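Everything on this sheet refers to the single structure shown next.
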Amino acid sequence: MCGSALAFLTAALLSLHNCQRGPALVLGAAWVFSLVLGLGQSEHNRCGSANVVSCARCLQLGPECGWCVQEDFVSGGSGSERCDTVSSLISKGCPVDSIEYLSVHVVTSSENEINTQVTPGEVSVQLHPGAEANFMLKVRPLKKYPVDLYYLVDVSASMHNNIEKLNSVGNDLSKKMALYSRDFRLGFGSYVDKTVSPYISIHPERIHNQCSDYNLDCMPPHGYIHVLSLTENITEFEKAVHRQKISGNIDTPEGGFDAMLQAAVCESHIGWRKEAKRLLLVMTDQTSHLALDSKLAGIVVPNDGNCHLKNNVYVKSTTMEHPSLGQLSEKLIDNNINVIFAVQGKQFHWYKDLLPLLPGAIAGEIESKAANLNNLVVEAYKKIISEVKVQLENQVHGVHFNITAICPDGARKPGISGCGNVTSNDEVLFNVTVVMKTCDIMGGKNYAIIKPIGFNETTKVHIHRSCSCQCENHRGLKGQCAEAAPDPKCPQCDDSRCHFDEDQFPSETCKPQEDQPVCSGRGVCICGKCLCHKTKLGRVYGQYCEKDDFSCPYLHGDVCAGHGECEGGRCQCFSGWEGDRCQCPSASAQHCVNSKGQVCSGRGTCVCGRCECTDPRSIGRLCEHCPTCHLSCSENWNCLQCLHPHNLSQAALDQCKSSCAVMEQHRMDQTSECLSGPSYLRIFFIIFIVTFLIGLLKVLIIRQVILQWNNNKIKSSSDYRMSASKKDKLILQSVCTRAVTYRREKPEEIKMDISKLNAQEAFRCNF
């Protein structure tokens, strides 16, 4: 804290020198000097190290350090002491003009400002290692944005009823959007899936009509077709939708992400306007394929993220993979597109779970036949324009950005969370803090981009690193940039190249231990000191090149989760963060404290607000339950030998008298409760007989059930015949049956006496 205050006051002092003259300068300098001197004496002076022999090394010690380049600067006859705090150098007689220091400058571009929503458009920040700079970013939403709304519709057969609703949506939606936009345009595109097996049927009879199961005439399947560019002509939009036919495929997921990426990057084909709010409405009732799904069809070429429309048809559908969620999110943000998922059915929750991975996206559930589609679009748009969030792009190595949103209601939130319920008259402020830990390997100028999500304007932050002294570039002062000339026997190196004979210089002093490599295998030994290698991964440093800033744990692709700096293989977290990866907010430790103020009841460690018990005997959310932690038996186990003192030494007997004198003895009956040892053979036969009897009983029961079922069937058949015989014989039809002729070898003689019947008597059958 003191170092930061000294740096601030030092900058104020030198600013007074540059901006004032005469008595005002003297009074101002004296006032600032007194403050600096008082602060400087309250803490150990790290700038006055005797090992500092150069200006560059001096300025690396801290932001409060300075180097006097005055040629005849001598203090107390003890030699040159050019490195010290700025206040001490002034007190020793060094003129302010002769003090080298690393200042922090923030310059915002006020001239030629073209941004109207995000200001400032450009910021220039000059930093040195260990310093930080602040500036404010303002975001003001405009009234009645121009809006470009592109319908991307899943035209598989199951969406037939929803597509019919689109015929009348254009005119009604344009009337509702007129309340929020002065310029509203609509466009239309369709998608199904990749036109290869196993996503579609390649049978000759179905290749041109995938939805024959629905008794419908369908168009051939396709990956993505751009049907209508963005237009103000609502009638043309309705005609394009009316001409649209459905298609089909055979698997459940669709190729929605493929089509979304093409609709986002094909800016000229779609007709996206730079000044408009860009909305991409995706209508579907199924999930979408993700990256690597195309391996099933033998498609292994990764999606390149470029536009591949030819005659408004996506021509790389069968040769290029589906995009990943990260790639799709990047393209949507780069092209300032907000996505609205209009999903019907149970797949709504699948898309809702994706929203944290797609910044600026919103999911809504549509009713049967898309009856609420217009209201869904309007409500989603109102939510989009009421949220202001920012995202950092083109992260600069060695530079950390900390962004805090200051909402119109006064609330402060992390920049990635942003503010909600923002109206067109509100202004959202973002406090941006830039911290540079070390100088970049390549040096020079870099920049980062702060981008409000969904806005077509950004803020470009230029980073200027102050890693060297001005006296090194001034021929007349170059001799005062170091106290002593280097050893002529040692080679001169420029931190990147060094030509010398390794056998010429001993390397024993460059090893932390004799059995370890020179400079930890990551540097060369020159004159008894390690010169560490340069690497693109980060900075290697330390007396033996044993430290670096890239070997720390990573989280989500960022070292120390982006909330800390890597020093010596361990994460040094920024304020407000903790954990081995700096992944936990500091406030999460409060959830690990019990009512007595103990962290995890003294039996564990707190990791991201959850206790990890280090004592294997303890359990519970706060490791508060430990049934065996205080058992006297385990505590007095060593006293057991005192019960049999015959073979103990005198020292052991003395310990028994002192440590185990008050031990209570509890004798236990060790008589076995079992009358005899277990008979394994008897147990086996018992289990075998019981199992056999149970199986036999099951067989008998099943047999009885089958017999009962057969008897019931025979009985029901007999009852049926009996009921037929009891019917009135007068209503029976003729009983004339088919005559069966047969022959016997010796037919038996049958004598029959049939009396004649009268002609008037009817033939009667007697049964």
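The backbone N, Cα and C atoms fix where each Cβ goes, glycine too.
Swiss-Prot annotations:
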type     : residues  : note
DISULFID : C58-C83   : disulfide bond
DISULFID : C407-C419 : disulfide bond
DISULFID : C439-C467 : disulfide bond
DISULFID : C481-C493 : disulfide bond
DISULFID : C498-C527 : disulfide bond
DISULFID : C510-C525 : disulfide bond
DISULFID : C532-C545 : disulfide bond
DISULFID : C552-C566 : disulfide bond
DISULFID : C573-C582 : disulfide bond
DISULFID : C584-C608 : disulfide bond
DISULFID : C592-C606 : disulfide bond
DISULFID : C633-C660 : disulfide bond
DOMAIN   : 46-95     : domain 'PSI'
DOMAIN   : 146-384   : domain 'VWFA'
DOMAIN   : 498-546   : domain 'I-EGF 2'
TOPO_DOM : 703-767   : topological domain 'Cytoplasmic'
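Swiss-Prot feature annotations superimposed on the structure.
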residue	record	Cβ neighbours (10 Å)
C58	disulfide bond	27
C83	disulfide bond	26
C407	disulfide bond	18
C419	disulfide bond	23
C467	disulfide bond	17
C481	disulfide bond	21
C510	disulfide bond	24
C527	disulfide bond	16
C532	disulfide bond	21
C582	disulfide bond	25
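Listed in sequence order, the disulfide-bonded residues from C525, C573, C592, C606, C608 having a Cα within 10 Å of the Cα of C532 (disulfide bond) are C525. Counting other Cβ atoms within 10 Å of each Cβ, the disulfide-bonded residues C566, C584, C608 show the lowest value at C608. Across the domain 'I-EGF 2' (498-546), DSSP assigns 10 helix, 12 strand, 27 coil.
When the C-alpha distances from C83 (disulfide bond) to the disulfide-bonded residues C419, C592, C606 are tabulated, the minimum falls on C606. Nearest in space to C582 (disulfide bond), taking C-alpha to C-alpha distance over the disulfide-bonded residues C419, C467, C606, is C606.
Counting only same-chain residues six or more apart in sequence, the Cβ atoms lying under 8 angstroms from the Cβ of C552 (disulfide bond) belong to V559, C560, G564, C566, G569, R570, C571, R581.
In the three-state DSSP scheme, C481 (disulfide bond) is classed as helix. Reported as a whole number, the C-alpha separation between C606 (disulfide bond) and C584 (disulfide bond) equals 10 Å. The disulfide-bonded residues C545, C573, C606 differ in how many other CB atoms lie within 10 Å of their CB, and the one with the most is C545. Note: the CA-CA distance between C467 (disulfide bond) and C510 (disulfide bond) rounds to 26 Å. For C592 (disulfide bond), other Cβ atoms within 10 Å of its Cβ number 22. Within the set of disulfide-bonded residues C407, C481, C510, C584, C592, the entry lying nearest in space to C573 (disulfide bond) is C584 (CA atoms). Between C592 (disulfide bond) and C527 (disulfide bond), the C-alpha separation comes to 52 Å.
In this structure, C592 (disulfide bond) is part of a helix by DSSP. Note on proximity: among C58, C527, C608, the disulfide-bonded residues of the record, the Cα nearest C481 (disulfide bond) is that of C58. Comparing the Cα of C527 (disulfide bond) with the Cα of every entry in C58, C407, C608, these being the disulfide-bonded residues, the smallest distance points to C58.
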